[in-house]
Amino acid sequence: MHEPANRSVRALPMLSNLMEIGSRVQPFSKESREKAPRIRDAKVVHSVCPYCAVGCGLNVYVKNGKVIDIEGNPDSFINHGTLCPKGSATFQYTVNASRTTQVLYRAPYSDHWEVKSSEWALDQIAQRVKKTRDETFVERLDDGRVINQTQGIASLGGATLDIEENYLIKKLFNAGLGIVSIENQARI
Amino acid sequence: MSDHNGQVSATPITERVQQLTQLLAPFKKEKPLPEQPKMGFFTDTSLCIGCKACEIACKQWNQLPATTPEWTGTSYDNTQSLGATTWRHVQFIEQIERRIPHVNASDEKVLKLPLFEMDTPVPQMGMDLSALPELAGTPTGTALPFFSTDRWLMRSDVCKHCANAPCQEACPTGAIIHTEFDTVYVQQDICNGCGYCVVACPFDVIARDSEGDGQAHKCTLCYDRLKDGMKPACAKACPTDSIQFGEVEQLKRDAQERLGFLQERGLTDARLYGADDKILEGGLNSFFLLLDEPETYNLPSNPARPSNHVLPTSLGVIVTAAVMGLIGTFFFKQE
Amino acid sequence: MPGLGTTLGRGGATSFPQDLVNSDCILIMGSNMAEAHPVGFANVMKAKDRGAKIIHVDPHFSRTSAVSNLYVSTRAGSDIVFLGAIIHYLLENQVYFHDYVVNYTNAPMLIREDFQDTEDLNGLFSGFDPASGTYSNQESWDYQRDEYDKPLTDPTLQNPQCVLQIMKRHFARYTPELVESECGVSREEWLQVVQALVENSGRERTSTLCYAVGWTQQSKGVQIIRAGSIMQLLLGNMGRPGGGVLALRGHASIQGSTDVPTLYDLLAGYMPQPAEMLSTKPESQHEPTSTTWGARQDKHVHKNTQQTLQEYIDVTGQKLGWWSNVPSYIISLLKAWYGDAATADNDWGYHWIPKITGDHSHINTSYAMLDGKVKGYFLLGQNPAAGSTNARMQRKALAQLDWMVVGDLYEVESAAFWYKGTNGEKVDPATLKTEVFFMPAAASTEKEGTFTNTQRLLQWRDKAIDPPGDARSDLWLIYQLGKRLKKLYADSTAPRDQGLLNLTWDYEMEEPQPDSHLTDEPDAQLVLKEVNGYYVTQTNSDGQVTQYDLHNAPHVPTFTALKTDGSTACGSWIYSGVYPEPGRNRAASRISDGKMNLDWGFAWPANRRILYNRASADPAGKPWSERKKHIWWDAEQHKWVGNDIPDFPPDKAPDYRPAPDSTGMDAIAGTDPFFMKPDGRAWLYAPTGLKDGPLPAHYEAIESPVQNALYKQQSNPAAKYHRDRKDNVLIELGDPNYPFVITTYRLTEHHVSGPMTRWMPWLNALQPSLFAEISPELAQERNIVDKGWMVLRTPRGEIEARAMVTRRLRPLRIRGRIVHQIGLPFHWGFQGKSTGSITNDLTHSVLEPNVSIEEAKAFLCDIRPGRLSSSEHNVGRKEH
């Protein structure tokens, strides 16, 4: 064991041995003996940091259907387990009581939100899209050139959208609906 | 109670010891856990970029609440100090020379000077570099200092995990231990929040969580993670290896080598803090490489040890604490 | 990114952050890398310890400056003077890498005799039309060409019309004296930078240039990037380990959002969006901007119509080089979109794709919104009410909408604009019509999918848990919306609706995800398969044809397998190869080998890590030096070998020379590393593809305290000024009311306008308030107290911030007078757990001409001590 501090030895060896108090040799409490990292036996899910574009690997630890810890992935050649403060805070970004987790609806001129179901909202949005598109769709320019576009609807996406999400946005909005103003944070 | 040879007069003490032993039975556990190599931190401020990942990684792993946001205006330091819920804290020290550009009337036009009329010779590409090993060595030519001449010093502060820890010596309940890794740890199932450790710490590290459980808290050196051979959260997160974790003896060798490296590059003010045995008669298991005097970083050059007679003091304290602890808890709860 | 495409061929960082450890010198300019990309910056720290010189040139002494070997304090907006003087120095002293420049760049190309430079026209190039504010006739910028349309050259570099000689004349006025008087940088300091770069470039050594939005968010951003790239080309640093231009993207998948674009002017893989311009003039103000992202034309082709696929290909493809493959890429894209309905007979459904008719970029769309022309808006993870320039205008524009959909994790400013404002801004819901649907979004850990990071690396994320409550992925939102719309239009026979009805739209999950309660989530892997590409039909050796759909189709292995006959479908050709066979999603691969890590993720194109790496070898195919070897020609195996995937046709020998009449990739010689360009060379001079000139020229920021010292032309002549907009009042030169330069930047502790950080107490405690950094001299001049409050004002708006008086900001001497600069982060807004003024209320909406990006990094303002009266009022009310 560690060399006890001289002063303690000088003072009261018997007492300190018996009580292990006030010396380098202290009793280990129950908690100390049982201590274990909470991610022992947790499921590890490989993810990528959602902040800047360096692309640090994340290990997301899941237990009982809950995220309990998010850390850098030590195997990643990009970050070797390290993270910046934002990346280190990804846990609080995702597990946060301030998150809005209900569909909210604000009617024209209303002064409050109403909680709605996803199904209701999707139906309503689809109807709005159709109505606006039908009203604003332009098939041809005056000189007869076909353009098949609408400028009545626009879209602006962030850069935490996945490749797959961007792909479907462009496909549906552009190739399907004829929306031309499809933009992204990449422009900004 | 004891003479200078450490001899004890037996009879009256034995009874008392027995009584006390019984009294303290709940605190007395089995033998210490098997000893492991001493582990610690080497915080190298020459590599710190002030990102504060260590602060957040610590909060995240230990699920510590955020402190109340308060913009201090003291450079980029809004955390201000270590505390009961802040176990890593990054300091920012601006050492910037004041430069007021010189303006005079003759400057009031675009200068028309001949091109490249400079004393410095034109450097050439393709200098013979064959002697260099692959990608190693400092290039010849333009001498640039290792750091910009204006300095913005940054340092991630943390518990020093003193080899002889004043907090531990002041602790009357046995809550503070040196773990099997020789790190200093506050056992939360024993701490009664008396606060003696708080005043004992010469670095203002340990603190009572007055808004929480009232007990003393500080860096645990991620004791739970160490049990499974994992790096502490801050050291793991640190992007630039400013916080290194490892066996103390190895870390100290690395630190010496790093110091030499920096001194070779002209950083004559660079120094180690707590890597030798001088500070607190045993050194620090969590030590630093500084780029300036310790005082610049609010570190005492020669930290005082509150008491040189810890055990006798402790004995008295044990009794007082047993009583005061009860009253104290009650009293503070009332408050 | 813009600028890189025109110069080198692809709009992506040429290298990767981990390669920085191989650099001998790293110049960081237009980037606060330590703060914005701390983990990437760790490689800079490693390089520094290995002896590399780290140089930071920036208006603001940041955490990046603190750890650099050399910090150079410069005036915001003067970058091209600084870089132009370096270019001048390299040319004048002949310290450029001759063998590299003469073989791998267009330095020897001859430019037309009728080309006129800024030297001739006092700051303008030939072809400028003052009425439209555009270079409407760029023909004079072009090469002199032979009978096969190939450029004439002078390998001796002596012909006065060759690019190198034109550059010598063009950059002659960029002198160290001007650096001193315009940038506020002493000659000695500037020379230290030049020397460090020159000494650490060449055969044995390489230097890297890192930039970020400090360059792109300027009214001449593309030309700054061009200037930096030209410097790197002259030094011979492109395509080599430890070299290149590292464009640092600011957000997780910015690169991905341009590769598989949600940009109005691009289709997948940098093909332009089909256009039918309203203006009959080429290169007009409203011309789409995509050429700069991709820049693929070998010469000017302006046709009034792109009505048919062939016309589109004629306009956008090219005869020479890699882009001759456009037909197979666009037809495969149309097959991916319209499936069986896309046939040769109907032009593969090309007419269903909407044609753009002008500049529909973000800010222009905001103005259209303000004018009531946009009725509906989707905001998915984006927050223009605080995050876009001229944010006050943005909020007004949102109020003109009929409806909007906001998808986010938190109730961001853009979702709350109808009941809340900033600093006492009056908002009355009873007068605001916009109907708002807030759709709670899944976090990145709650869905699977791919990010493409700053080094073009695709990394797949597994899903950890279901999102909470009703929160769902954006993939789900779009997929379900698409299903509903298809149903709503199901009975339509109108031609305009057939594109939607024919859209292939089946991404049903074949089996539910384990541990998930969600039953209607689309299968992201299937979408990735479509992006990668698959065989629509395959013919076996017996001539039997098998027809497939997305679910059962074989994957295409890579983009070289794509066909023009409709037998392949591919959502983005540059991503082809990411998912080459079932069960092998290379984006999800996680193998580190400690070297090039080629099995960790997948880098487009074809998993190449250093782009243009043919240039790492000399013309004969040998590494320039042992120290910097990367790939080389193995004559025995008759192929390129080395540490990376060769970014070159694998078996094209160095001695291959094209026939005079060759086309396509046959026209690319064995010594042409930049084969995305029609001439196979990097473009020091851009004969086409840019809207503001073939060479970088210094113009002052739109708002500047000084007159342009180089030319009569004050600011970028081709910028999109929006002068007709009453909410976009610009500060005129010499206006004494707005004397101070302001520059904006990120702090490590927050992210962009704050939606991903301001609801997080841990981060808020680290940076709890908006503050402005000012020098003690400026503080004294305006009676501003350290740690007190100050108000910043432009004609667009007023904000308040805490004053951080620091010597890290310093007054500069510009042309004999003092110019003060103010540093201002931009992470705050009126929502979240940490609130503050919106920095973007100050910024204007003048756009860079090539890419329509805003100028947030250099503009003017005035300051005064104290707070906004409305805020004080608010505070009082709170206490009450």
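Note: Cβ is positioned from N, Cα and C throughout, glycine not excepted.
Keep in mind that TrEMBL annotations are predicted by a computer and have not been checked by a curator.
Sequence-distant neighbours of B:Cys222 ([4Fe-4S] cluster 2 binding site) (same chain, six or more apart, CB under 8 Å from its CB) are B:Trp61, B:Asn62, B:Met230, B:Lys231, B:Pro232, B:Ala233, B:Cys234, listed in sequence order. According to TrEMBL, the [4Fe-4S] cluster 2 binding site annotation covers B:Cys58, B:Cys219, B:Cys222, B:Cys234.
Summarising the annotation, TrEMBL assigns [4Fe-4S] cluster 3 binding site to B:Cys159, B:Cys162, B:Cys167, B:Cys201. All protein chains shown were included, and the count of other CB atoms within 10 Å of the CB of B:Cys167 ([4Fe-4S] cluster 3 binding site) stands at 25.
Among the features that TrEMBL reports, [4Fe-4S] cluster 4 binding site is placed at B:Cys171, B:Cys191, B:Cys194, B:Cys197. The Cβ neighbour count for B:Cys171 ([4Fe-4S] cluster 4 binding site), using a 10 Å radius over every protein chain in view, is 31.
The domain '4Fe-4S ferredoxin-type' annotation in TrEMBL covers B:39-69 (among others). Counting only same-chain residues 6+ beyond the ends of the domain '4Fe-4S ferredoxin-type' (B:39-69), those with a CB under 8 A from a CB of the stretch are 76, 78-79, 83, 85-90, 92, 152-158, 161, 181-183, 212, 219-222, 225-226, 232-248, 251-252, 254-255, 258, 262, 267, 270, 275, 284-291, 297.
The domain '4Fe-4S ferredoxin-type' annotation in TrEMBL covers B:150-181 (among others). On the 0 to 100 pLDDT scale, the domain '4Fe-4S ferredoxin-type' (B:150-181) averages 96 in this prediction.
With helix defined as DSSP H, G or I and strand as E or B, the domain '4Fe-4S ferredoxin-type' (B:182-211) counts 5 helix, 5 strand, 20 coil. Taken from TrEMBL, the feature domain '4Fe-4S ferredoxin-type' applies to B:182-211 (among others).
Sequence annotations record features per position, and here TrEMBL assigns transmembrane segment to B:310-332.
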- Task: Take the C-alpha atoms of B:Cys58 ([4Fe-4S] cluster 2 binding site) and B:Cys159 ([4Fe-4S] cluster 3 binding site) and report the distance between them in angstrom, rounded.
- Result: 13
- Task: Take the C-alpha atoms of B:Cys197 ([4Fe-4S] cluster 4 binding site) and B:Cys162 ([4Fe-4S] cluster 3 binding site) and report the distance between them in angstrom, rounded.
- Result: 13
- Task: In whole Å, note down how far the CA of B:Cys219 ([4Fe-4S] cluster 2 binding site) lies from the CA of B:Cys159 ([4Fe-4S] cluster 3 binding site).
- Result: 6
- Message: Among all protein chains shown, how many Cβ atoms are found within 10 Å of the Cβ of B:Cys58 ([4Fe-4S] cluster 2 binding site), not counting that one?
- Response: 27
- Item | Sparsest Cβ surroundings (other CB atoms within 10 Å) among the binding-site residues B:Cys159, B:Cys162, B:Cys191, B:Cys219, B:Cys234 | B:Cys191
- Item | Helix, strand and coil totals (DSSP H, G, I; E, B; other) for the domain '4Fe-4S ferredoxin-type' (B:150-181) | 5 helix, 12 strand, 15 coil
- Message: Long-range neighbours only, meaning 6 or more apart in sequence with Cβ under 8 Å: which ones does B:Cys201 ([4Fe-4S] cluster 3 binding site) have?
- Response: B:Pro166, B:Cys167
- Per DSSP, what is the residue tally for the domain '4Fe-4S ferredoxin-type' (B:39-69) in helix, strand and coil? 13 helix, 6 strand, 12 coil
- Message: Going by a 10 angstroms cut-off between Cβ atoms, which of the binding-site residues B:Cys194, B:Cys197 has the sparsest surroundings?
- Response: B:Cys194
- Same-chain, non-site residues whose Cβ lies within 8 A of the B:Cys58, B:Cys219, B:Cys222, B:Cys234 Cβ center for [4Fe-4S] cluster 2 are B:Cys54, B:Ala57, B:Trp61, B:Asn62, B:Trp87, B:Arg88, B:Val158, B:Thr220, B:Leu221, B:Pro232, B:Ala233, B:Ala235
- Message: Around the [4Fe-4S] cluster 3 site formed by B:Cys159, B:Cys162, B:Cys167, B:Cys201, which additional residues qualify by having Cβ within 8 Å of the site's Cβ center?
- Response: B:Lys160, B:His161, B:Ala165, B:Pro166, B:Gln168, B:Val184, B:Cys197, B:Ala200, B:Pro202, B:Phe203, B:Val205, B:Ile206, B:Lys218
- Taking the mean position of the Cβ atoms of B:Cys171, B:Cys191, B:Cys194, B:Cys197 as the [4Fe-4S] cluster 4 site, which residues outside that list, in the same chain, have a Cβ no more than 8 Å away, listed in sequence order? B:Cys167, B:Ala170, B:Pro172, B:Thr173, B:Ala175, B:Ile176, B:Val186, B:Asn192, B:Gly193, B:Gly195, B:Tyr196, B:Val198, B:Gln215, B:Ala216
